[in-house]
Each structure stands twice: as structure tokens, then as C-alpha cells.
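Peer 1: In case it helps, Swiss-Prot gives these features for our protein:
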BINDING   12-18, 40-42, Arg305, 331-333, 413-415  GTP binding site
BINDING   Asp13, Glu14, Gly15, Lys16, Asn38, Ala39, Gly40, His41, Thr129, Arg143, Gln224, Thr239, Arg303  IMP binding site
BINDING   Asp13, Gly40  Mg(2+) binding site
ACT_SITE  Asp13  active site, proton acceptor
ACT_SITE  His41  active site, proton donor
BINDING   Val299, Thr300, Thr301, Gly302, Arg303, Arg304, Arg305  substrate binding site
Amino acid sequence: MPAIVLIGAQWGDEGKGKATDLLGGRVQWVVRYQGGNNAGHTVVLPTGENFALHLIPSGVLTPGVTNVIGNGVVVDPGVLLDELKGLEDRGVDTSRLLISADAHLLLPYHVAIDKVTERYMGNKKIGTTGRGIGPCYQDKIARIGIRVADVLDREVLTHKIEAALELKNQILVKIYNRKALDPHQVVECLLEQAEGFRHRIADTRLLLNTALEAGETVLLEGSQGTLLDVDHGTYPYVTSSNPTAGGAAVGSGIGPTRITAVLGILKAYTTRVGSGPFPTELFDENGEYLSKTGGEFGVTTGRRRRCGWFDAVVARYATRVNGITDFFLTKLDVLSSLETVPVCVGYRIDGARINEMPMTQSDLHRAEPIYEELPGWWEDISAAREFDDLPAKARDYVLRLEELAGAHVSCIGVGPGREQTIVRRDILAARP
């Protein structure tokens, strides 16, 4: 059976949690393959219960699904334990959550360095969440990181943390004028935290591939979005990992030939958090409307999201770099009551029109959106369950976005609830 990748096709916050939740009851495994607690998924159950997840895969809310935090994720032990407790206190069974032995641990010195670096950068800061994600990935690439499996051996763990802090304390004390961290305290705190998750540590690569060979279906859940990818995003205003579909194989240990479908999540308009170029950003009453009606505040940071019209240049780019086979269009209901809905179909840069993503970031910063005005609709569409239930102008909007983005819009979200979804094509049934 297949492995299916679910990715954000914009700058994150597209509604990936809802998509995972919708598919979760029909898959056996849900895997988070990159990022850390710098991203959040909001899931609204049919009961009306609202869950905000930051590190744990959204499939934890579906009984019988095995959830995996993959080797590509960076794990803050304190956040993990707090999130587990929060779920368990609300009656959620977390017994089927596993953690890759090769995932990296995010430790106090990563958070400290992240925060002081942002302050030091001042107006040149990237706009990170301050959660330590970037510094943890830096250590991974520099080969001085701490892996989850290291907590199983006190001697190995102590040696690695002492070695890491030799450098980190130099940075904290001599560059940022902060107090040095005590390696012994870091080790003891981590070992105490590990008592709460050591039983979850597993060779998840082996388990996932064995499951696929047994005919089970695996859903690979990315965090953030395509335009935040460290390689393919709006660098340097990006995250420190690969949310794109290529990162799914690397961050889970599943070979790329196992992946049979890539589901891109697209919001019916566009948002982003933090600094960086955003050609369709709105600064008028329309931006205020999208922010207020769409509830555009970050799940993780609480920061207000920047809002703009749908950008088909971004959508086409996401289709290309991810190999997207299907789209899940979310928050179509937010656009109800607008007289017209502009869609960006290209950019104008220094007087010349281009229809694809600019090659350089300096060009993207200068890009002016070229809009196609589509007629809006006034009807409340939150109760629509079939495509034909939508007003004709809403259907036309979806079909035009599908044409511009270059892949089939298989699902449409018309509200936050799991049941507030129109399925035009069954993503799982359409695959081998």
C-alpha cells in the first residue's frame, strides 16, 4: 500500500491538521518528518473539541493509528511531555506514539542561543519563533547534536553534552554576555525528562517499511510550508528543514519509490508569519477582513498572520517542486460575502511580466502582483458537502485556482470542522 505525503503549498498555516485528521481514520500510520515545536496544527473534532498540536502528529486524535515522530524532527523534551500530558488530561490515548531513535533533541542552550541571536540581529532578524529550532539543526549538520537514543546511555549523553557546551558556552558568554550553562544540570534534567518518553523510542525506519510491506498505508505529515523550505523557500526567511515532499523520504526513512501521492494544502487566500517577501500582502480593509474572518493568528506563537490574496505563482511553484498530485483547498468559506476576489496570476518586475517564481530573492522583493478579478459570492457555504452545493461563482473560483495551480483540487474545506469538507475525489481510493 502507498505512502502519501501531505505538505503545505504556501508559507505554512494552510490547514494541514484538518487534512491529516480527515484522512487519519483510513490510514494506519501518521508520521511527522521534519520541524519541531515551531509549527502548530489545529484540529476540530465533530464533537466541537479543539486541539492545538505542535510536535505530536495530528493522527494521535484518531483511535488505532500509530503516530511517529520521525528522524527528521527536532524534539524539545519538555514540550513533548507537556503536550502528551495535555492530551492525556483530555482523555486522548497516546500509547501509540513512537519516536525515532535518530531524531535530534532540542536542549536549553539551543533556545538560549536562538533568542539572543534574534535580539542581536535587531532589524535584520529573520523572525524565528525563538524555540531553538535553527540552532538545533545547526548542531545536527555540524555533527555535534544529541539524538533521542543518546538518553539510553548516561555516559555517552554526558560526553556529548559536555563537548557541545564547550562551544555553546563560549558563544553565550563571550559574544552575548550571558551566563554559561552547567553540563551536569543539563544532563540530569534531560535524563529526568527521558523517563517520560524512553519507552516510546524505536527504530521507526524499520517499523514503517515493514508496515508498507504488510499492505498498510502511511501518511507523512509535513509542518510549515513549501515557501519556508530551507532550499526551495524564500531564503533566508525560511525554516531550517525541508517541509517539501523530498524531505518526507529523508525525514522518515521511507524510500522515495514508496510514495505514490503528494497532497498539497492550499488556503483559498494567502498568509505568512514573520519577515520576508509577500507579493500579494494586503494592508487595507480586505487584509483586515481576511485576518478577522479567518482567525489568522499563529497556533504556536499567537502572532497575527500577514494576509493577502491567493497567489497562483506560488501555487504553481509548489506543484513543481513537490510533484503535487492533488490539492486540498481550505478556508473557502472565509471568502463568502466579498463582491470580487482578486487572484494573482503573475508578477510585474521592472516593467516586465513573469508568470513563474523569480530566480532571485531581490526580484521577488520587487515583484508587483498582476491580478485577475473573479466574481465573489454572498452565500454561506459552511453547510455544503458536495461540490454542486456551492454557489456557481464559488465553483468557478475553485476551478480557476485548479487550472492556475496545475493539479486537481480533490478536497475543499468550508469550515473548521472535520465534517465541513467537500470531497471531489477520494485521495486514498484513487491511488494504487
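Glycine too: its Cβ is placed from the backbone N, Cα and C atoms.
Fair warning: this is a prediction, and the values are worked out from it, not measured in the lab.
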Peer 1: Just to confirm: which same-chain residues, 6+ apart in sequence, have a Cβ under 8 Å from the Cβ of Gly15 (GTP binding site)?
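Peer 2: Sequence-distant Cβ neighbours: Ile265, Lys267, Phe328, Thr330, Lys331, Gly413.
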Peer 1: These are the binding-site residues: Gly12, Gly40. Which one scores highest on other Cβ atoms within 10 Å?
Peer 2: Gly12
Peer 1: Nearest to Gln224 (IMP binding site) in three-dimensional space, by Cα, is which of the recorded positions Gly12, His41, Arg304, Arg305, Leu332?
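Peer 2: Nearest listed residue in space: Gly12.
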Peer 1: Residues with Cβ closer than 8 Å to the Cβ of Arg303 (IMP binding site), same chain and 6+ apart in sequence?
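Peer 2: Val273, Gly274, Phe297 - these are the non-local Cβ neighbours of Arg303 (IMP binding site), listed in sequence order.
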Peer 1: Rounded to the nearest Å, what's the C-alpha distance separating Leu332 (GTP binding site) and Asp13 (IMP binding site)? Just drop the number here, would you?
Peer 2: 14
Peer 1: Can you give me the same-chain residues 6 or more apart in sequence from Lys18 (GTP binding site) with a CB-CB distance under 8 Å?
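Peer 2: Within the chain, Lys18 (GTP binding site) has Cβ neighbours under 8 Å at Thr42, Val43, Val44, Thr330, Gly413, Pro416, Arg418, Thr421.
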Peer 1: Roughly how many Å separate the Cα of Gly40 (IMP binding site) from that of Gly12 (GTP binding site), to the nearest whole number?
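Peer 2: Cα-Cα distance, Gly40 (IMP binding site) to Gly12 (GTP binding site): 9 Å.
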Peer 1: Which entry in the list of recorded positions, His41, Arg304, Arg305, has its Cβ near the fewest other Cβ atoms, using 10 Å as the limit?
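Peer 2: Relative to the other recorded positions in His41, Arg304, Arg305, Arg304 has the fewest Cβ atoms within 10 Å.
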Peer 1: Report, in whole Å, the straight Cα-to-Cα distance of Asp13 (IMP binding site) from His41 (active site, proton donor).
Peer 2: 8
